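Enquirer: So that we are looking at the same thing, I have put the structure below in structure tokens.
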Amino acid sequence: MSQKEVADFGLIGLAVMGQNLILNGADKGFTVCCYNRTTSRVDEFLANEAKGKSIVGAHSLEEFVSKLKKPRVCILLVKAGKPVDYLIEGLAPLLEKGDIIVDGGNSHYPDTTRRCEELAKKGILFVGSGVSGGEEGARYGPSLMPGGNPAAWPRIKPIFQTLAAKAGNNEPCCDWVGEQGAGHYVKMVHNGIEYGDMQLICETYDIMKRGLGMSCDEIADVFEKWNTGKLDSFLIEITRDVLRYKADDGKPLVEKILDAAGQKGTGKWTAQNALEMGTPVSLITEAVFARCLSSLKSERVRASKKLTGPNTKFTGDKKQLIDDLEDALYASKIISYAQGFMLMREAAKEYGWKLNNAGIALMWRGGCIIRSVFLKDITEAFREDPNLESILFHPFFTNGVEKAQAGWRRVVAQAAMLGIPVPATSTGLSFYDGYRSAVLPANLLQAQRDYFGAHTFRVLPEAADKSLPADKDIHINWTGHGGNISATTYDA
């Protein structure tokens, strides 16, 4: 090792997340090299936040690479998309076989798979790692979800598991996820669940605010109480804080915020992928659509003056409804996570990934936005049965939904009577009822498809006979009286 090769790893991208991850590394005993395309930011960082710490700077990619111990570990925290490709194009010629590039941004998993394959041809090991926890998580311990070229894991494991948050018995919220784009895929699903959790909380707030006429402080008190029990989570905690925050005039700041939600696309990716996989991730998808509907602010204002609906106030037992809301939120969250793990199960089959669901749940227990107390129970469920088909089949969650569902149903019914939209809460309940139904009306749907498009259908084994044979794709002439049965290629 030359005197120049001093850094245990390097990081490119000095926005707040990048700076905080570097400071996290320095605090935990690593020497870190930093670089930014706008090199003045390197100097500013070294002169301020990084001053006196084991952090060195570089003013070019060449200098950056020269300061890294071999095999080199280069972490990129830059905007997803073309900026990542441009940076890789600049870095790759400077690296040697066995060196590692880690993309820690919110990249789309197919891009990560492509980059893995392209860089493997050059002998460079590529990793796409989900990073969750926001600015504070990056600074003190994020959830890290690395996947890509498995040959990189032995080198980056001690770095990543040291940087990561700890949960349970000091277990790091980081483990190897899988090959290709598996790490970024799991982060995508994490973000989809995050969309679902946030929408569920907003719907719960809306019923308390508009349905019960509660103040923000009163609602904050409810969330604070819930955060000591089965709903204990980061998002419940920050919701309490947000509701209590006052503007300069002493009024709740949240009431002054425009009700048009933004989104960066990762929730949409989850919904799109669910459709491609044919997996009913309905709650997360409704959460995405709820943001889309919120963005139609001016149109909604016009609609509010033209379209009628219930305008009644709740007159029942307020305490009972608040208790029901707790149950509805809890049960709906279980559905959201069940759907997320269902989607990852299908992705593992599709892409040949060996996903460790217990490990994924553990990664999400600390440091990340969706961290919550019941992730411990998901971890334990998958440790007991790594092949668990659905978390809904584990006794803890089966019993949890069983106890909560009466209140859940009352909330959905009451929201409808009050005219308050609860798209995520209601679709969660609809999924639950559909999932537990041995018989669904898809038989009629199949008949309709065969009637207008000759798409064929199959019959129930117990209903089969000579005219309607089992295990055959059947087409009927629906305008006659039976007959004209023909087998064709089944087209779903």
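Including glycine, each Cβ sits where the backbone N, Cα and C put it.
So Swiss-Prot lists these for the protein:
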type	residues	note
BINDING	Gly13, Leu14, Ala15, Val16, Met17, Gly18, Asn36, Arg37, Thr38, Val78, Lys79, Ala80, Asn106	NADP(+) binding site
BINDING	Asn106, Ser132, Gly133, Gly134, His190, Asn191, Tyr195, Lys264, Arg291, Arg449, His455	substrate binding site
MOD_RES	Ser107	phosphoserine
ACT_SITE	Lys187	active site, proton acceptor
ACT_SITE	Glu194	active site, proton donor
MOD_RES	Ser215	phosphoserine
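Tell me about the setting of these features in this model.
Expert: Its own atom aside, the Cβ of Gly13 (NADP(+) binding site) has 23 Cβ atoms within 10 angstroms in the protein chains shown.
The secondary structure of Gly133 (substrate binding site), as reduced to three states from DSSP, is coil rather than helix or strand.
Neighbour count (other Cβ atoms within 10 Å of the Cβ, all protein chains): 26 for Ser107 (phosphoserine).
DSSP gives Lys187 (active site, proton acceptor) a helix state.
In sequence order, Leu235, Gly267, Ile369, Ile370 are the residues of the chain that are 6 or more apart from Glu194 (active site, proton donor) and have a CB within less than 8 Å of its CB. Annotation note: Glu194 (active site, proton donor) sits in a helical segment as assigned by DSSP.
Counting only same-chain residues at least 6 apart in sequence, those with a Cβ under 8 Å from the Cβ of Ser215 (phosphoserine) are Pro252.
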Enquirer: Nearest to Thr38 (NADP(+) binding site) by Cα distance: which of the recorded positions Ser107, His190, Arg291 is it?
Expert: Ser107
Enquirer: With H, G and I counted as helix, E and B as strand and the rest as coil, say where DSSP puts Ala15 (NADP(+) binding site).
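Expert: Coil, per DSSP.
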Enquirer: Among Lys79, Lys187, His190, all listed as recorded positions, which has the most CB atoms within 10 Å of its CB?
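Expert: The residue with the most neighbouring Cβ atoms within 10 Å is Lys187.
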Enquirer: Roughly how many Å lie between the Cα atoms of Arg291 (substrate binding site) and Asn106 (NADP(+) binding site), rounded to a whole value?
Expert: 19
Enquirer: Rank aside, I only need the closest one: which of the binding-site residues Gly13, Ala15, Met17, Asn36, Asn106 has its C-alpha nearest to that of His190 (substrate binding site)?
Expert: Asn106
Enquirer: Given that the record lists Gly13, Leu14, Ala15, Val16, Met17, Gly18, Asn36, Arg37, Thr38, Val78, Lys79, Ala80, Asn106 as binding NADP(+), what is the largest C-alpha to C-alpha distance among them, in Å?
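Expert: Those residues reach a largest Cα separation of 21 Å.
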